[in-house]
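Going by TrEMBL, these are the annotated features:
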{"type": "REGION", "residues": "A:1-21", "note": "region 'Disordered'"}
{"type": "TRANSMEM", "residues": "A:32-54", "note": "transmembrane segment"}
{"type": "TRANSMEM", "residues": "A:66-85", "note": "transmembrane segment"}
{"type": "TRANSMEM", "residues": "A:106-124", "note": "transmembrane segment"}
{"type": "TRANSMEM", "residues": "A:205-224", "note": "transmembrane segment"}
{"type": "TRANSMEM", "residues": "A:285-307", "note": "transmembrane segment"}
{"type": "TRANSMEM", "residues": "A:314-332", "note": "transmembrane segment"}
{"type": "TRANSMEM", "residues": "A:344-364", "note": "transmembrane segment"}
{"type": "TRANSMEM", "residues": "A:371-389", "note": "transmembrane segment"}
{"type": "TRANSMEM", "residues": "A:434-452", "note": "transmembrane segment"}
{"type": "TRANSMEM", "residues": "A:486-506", "note": "transmembrane segment"}
{"type": "TRANSMEM", "residues": "A:526-553", "note": "transmembrane segment"}
{"type": "TRANSMEM", "residues": "A:560-578", "note": "transmembrane segment"}
Amino acid sequence: MTTQTSAPQTPSTPSAGTPTGLIGIPPRIGRALATGGGILTVISTFLAWTWTAAFPGDLTVYGYPGGLQVLVLIGGALTTLFGLASYGVKGLRWLVPAGADSAIKLAALAAFATAWYTIIAISTKLGGVVNLEPGGWIVAIATLATLLGALSLPFNRPEPDPIDPEDTGWEQFRHNARHTVSVVKAALATGTTTPARKLPAYAEILIIVAALAIGLTVFTYGIGTEYDELFVGFLITAGFGFAAIAKTGLVGRISAITAKHRNVTMIGAFVAAAAFPFTQSDDRYATIGVYILIFATVALGLNIVVGLAGLLDLGYVAFLGVGAYTAAMVSGSPSSPFDIQLPFWASALLGGAVAMVFGVIIGAPTLRLRGDYLAIVTLGFGEIFRIAVLNLDGTSGPDITNGSNGISSIPNLNILGFDFGQEHSIAGFTIARFANYFLLMLVITLVVVVVFRRSSDSRIGRAWIAIREDETAALAMGINGFRVKLIAFALGATLAGLAGTVQAHVTYTVTPEQYQFAHVVPPNSAFLLAAVVLGGMGTISGPLVGAALLYLIPAKLQFLGNYQLFAFGLALVLLMRFRPEGLIPNRRRQLEFHEDAEAPTVLSKAGV
Amino acid sequence: MTTDTTIKDDAPGSAAPGETVLDARGVTMRFGGLTAVRNVNLTVNSGEIVGLIGPNGAGKTTFFNCLTGLYIPTEGEVRYKGNVLPPKSFKVTAAGIARTFQNIRLFANMTVLENVLVGRHTRTKEGLWSALLRGPGFHKAEAASRERAMELLEFVGLASKAEHLARNLPYGEQRKLEIARALASEPGLLLLDEPTAGMNPQETRATEELVFAIRDKGIAVLVIEHDMRFIFNLCDRVAVLVQGEKLVEGDSATVQGDERVIAAYLGEPFEDSPGDEEIAEVEAAEAKADTTTDAAPGKENDR
């Protein structure tokens, strides 16, 4: 992803062997400039950037950074830290196990992009650069200087291939462009990671806890951004900042530690997620949280079908619908044809079971197909579900689902006297309706995560992967392909149905429109698949991250309006071009997509 | 290349010596109008290595696919230890026939160990519930599978590379891994489809040793191969398939000495082939021509 960033290009005078920077400033001055610029950036965020509070976030206060200034502050602080670490300052060297230079460049870019985005946003929103206070000018110049300094840091330039004189102009242009790209890549290349010091287990667990706490903070900040500008700034800072930290080798080190303590990481992640509602003062963002969680859980269920067994299911949301409708019908809703109210455990089990039955019914005839045919048939079945539900309204068919009105006024859940519709006070924190459901949904997510993990690391999981890799060979090894695929399909359906039983209660109403193939609001089949592909097929964290991004970005960027789907499509195309294995790739997948990449000889435990 | 691994007594691989393991009777395979295999009979006895040779396109692989359930023979039947083979390839493997492929078909992005574990699929029973609940039975079965898989890797000499990705193995070791994966299903009969294709002489010899070691474990082997030295060193019996029909069957000497086999490989004189007289005539003419064309030496080379 980082390679798309347009760094200023200099006319390349490649003096092979001697490392030079992208910009012709002497490296020593550049390093000083980057570090000093970072400090100046941090200071400038304490100044006023504009004179009026008309720009959201109140950037008029001296001595107290607000809104976007905080993000620039983080970018500047990261640059300063990495800069100091590159000087070898004691106590900071652990920050950069794989070299600081690439990280300085990206951190400087983060500060620069966020600061200049803010300045430009202020100028356009308030009408002209006159609205900037001196602080605004200072931060603009400071971040620019930082970036220039960072870009002058030396790196090993790749040797350009000689140009074939017989090439046409277009081919020469492409040749040069390719070389430029490889130069930028080299400028941002990660160094070799120095071997990690052996840490005692408790220290490693503390590191995991710290990493999770940072993750929770970042996520909570992102979900709580109150206006478009702040969210865009957040995306810029978070994106470049994460890339910078990845370049230092810290991410790799932490993921190595988490791989070692998988159970601790999983429990820690769920504790961190459960802490989310307690960080919120009102229910507004818990709503987003619970919808993200539903979306993510269903995406994770789909990941069993798509990521592990390799069955492209384009009608997956139908199973969510089956679960939701089942739960709605036995919830005691007045518009349900059945006048029964089952306790939650019973309706959850029933929802999962009915979804499983539908999974088997739909899977049995379709799973004999392979590849594209399967995708088309599942797409068809997904739509059949929606239209069938629409027609079971008493006029076109028997009155079961109440047609397009759906089943409404689904009562809130009440588990062991705990009313999910009421506010509760737990240890001084107020937990309102959506926060209650958030915690319940988290339990369902945990179930799905455990199912995913356990099934993938077993005889049946190996059979799924074998089928995905080479179906003929898998059959010749004695795997009953149809049966194994049907199990994957039914298991995926069950998990979606389980999530649906909670969803019905969260949304009050279930209607057929919620379960389309493509729709503006997730979850729908297209977005589910996109979340899996975006996040990374075959991993647990991939679909969770993918779903969170896919839900948050449209929800937060209201100004995109009608261009939402366009932007989404564009982003997906770019991602597939530059990182087809997803944001959090499974090792296996990464190898599949990058045939030429040097594969490690040893594959560590697959599936993060 | 340790051969000390012992087969369990209840394994399907342990058959009484001399017993017929595979019995193909009148196998015919037609694809539309094309008859790829015509009325082929073949038996393989336990403890025997049988070779199947023939020129390219003779129908060897088609016949193999008929034996392994990938194709259902149009006519005839295949019996394994007296039972007619089921028409599904995974059931054939469960019955006790394992195979390798002509073009290697490993699960490239799985590790060496995982590949062999997939081969264990038919001999283990743990289903989804057992995987989800993780009872003691699950851990026991997993451990047993792993142990058995490591034994097999030890047997083919890949134990040190258990955690490597299959795709990273050199060609010869990929072949070995395919054999180990096939052995993992504890077969009574192993079908090898060109196991030495693309190997150098050393690797071919190593493969030969490996096949002998497999035979010594009591597993019958049926092997397709183009490398004649390999086949005649290895096999107790060789069958020759030409244009879908079995031409001859017998021990190495019989097959090597059979004129029809040589003709099949080198091309056989067609129906109105030139008789001795014509040949003599042509030779005479050529002798005459040689003297005249002396002026243009090197013309011969241009042909």
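Backbone N, Cα and C atoms are what each Cβ position is placed from, and that goes for glycine too.
What TrEMBL says about a protein is an automatic prediction, not a curated fact.
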Q) Same chain, outside the transmembrane segment (A:106-124) by at least 6, Cβ under 8 Å from its Cβ: which residues? A) 2, 5, 7, 34, 37-38, 41, 49-50, 55, 59, 68-69, 71-72, 74-76, 78-79, 82, 131-132, 136, 139-140, 142-144, 146-147, 149-151, 188, 229, 232-233, 236-237, 239-241, 243-244, 247
**Q.** Stretch of maximal Cβ-Cβ contact with the transmembrane segment (A:205-224) [cut-off: under 8 Å; candidates A:32-54, A:344-364, A:371-389, A:526-553]
**A.** A:526-553
Q: Mark yes when the transmembrane segment (A:314-332) and the transmembrane segment (A:371-389) have three or more Cβ pairs under 8 Å (sequence separation 6 or more) and no when they do not.
A: yes
Q | Remote residues contacting the transmembrane segment (A:344-364) - C-beta distance under 8 A, at least 6 residues beyond either end | A | 315, 318-319, 322-324, 326-327, 330-331, 378, 381, 385, 413-415, 485-486, 489-498, 500-502
(Q) Given a Cβ distance threshold of under 8 angstroms, which distant residues of the chain, six or more beyond its ends, lie next to the transmembrane segment (A:526-553)? (A) 219, 222-223, 231, 235, 288, 291-292, 295-296, 298-300, 302-303, 306-308, 312-314, 316-317, 449, 452-453, 456, 517-519, 568, 572, 575-576, 581-586, 588-589, 606-608
